[in-house]
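Enquirer: Heads up, here are the entries from TrEMBL:
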| type | residues | note |
| --- | --- | --- |
| ACT_SITE | Arg50 | active site |
| ACT_SITE | Asn68 | active site |
| DOMAIN | 35-125 | domain 'Acylphosphatase-like' |
| SIGNAL | 1-30 | signal peptide |
Amino acid sequence: MWNRTPLNNVHTHMHCACVYTLLCLTMAEGHTLMSVDYEIFGKVQGVFFRKYTQAEGKKLGLVGWVQNTDQGTVQGQIQGPTVQVQIMQEWLKTKGSPKSRIDKAKFHNEKVIPKLEHKDFQIVK
């Protein structure tokens, strides 16, 4: 069915090498712990945003905290393996709680850490 010309074989080997390299990088990143602070803007208070953020963080095996601000935003910190932190950042940018509306997500103070600085994921009142 497939015509396996030398060019096709080269393409297949290159594809496998790229996938292997990407997998190795992802696995290596997965063992590195990172910490990132965040602030989420939009309709994020009074819509269970903190509760859903805590649940998503715990589901991903992350630690940290989340709290409402006087400016109507939600802020916090997440820590854990790089890949899980990146998944959580995407969740904070695009999903949130069902009734929330996320206008903007800011991430700052992103750094590699030697060990986790929190024991679990807390909602700060």
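Yeah, the Cβs are placed from backbone N, Cα and C, and that goes for glycine too.
Tell me about the surroundings of these features in the structure.
Expert: Counting only same-chain residues at least 6 apart in sequence, those with a Cβ under 8 Å from the Cβ of Arg50 (active site) are Val66, Gln67, Asn68, Val74, Ile123.
Mean model confidence for the domain 'Acylphosphatase-like' (35-125) is a pLDDT of 97.
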Enquirer: Across the domain 'Acylphosphatase-like' (35-125), what are the DSSP residue counts per state (helix, strand, coil)?
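Expert: Per DSSP, the residues of the domain 'Acylphosphatase-like' (35-125) fall into 24 helix, 39 strand, 28 coil.
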Enquirer: For Asn68 (active site), list the number of other Cβ atoms lying within 10 Å of its Cβ atom.
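Expert: Other Cβ atoms found within 10 Å: 18.
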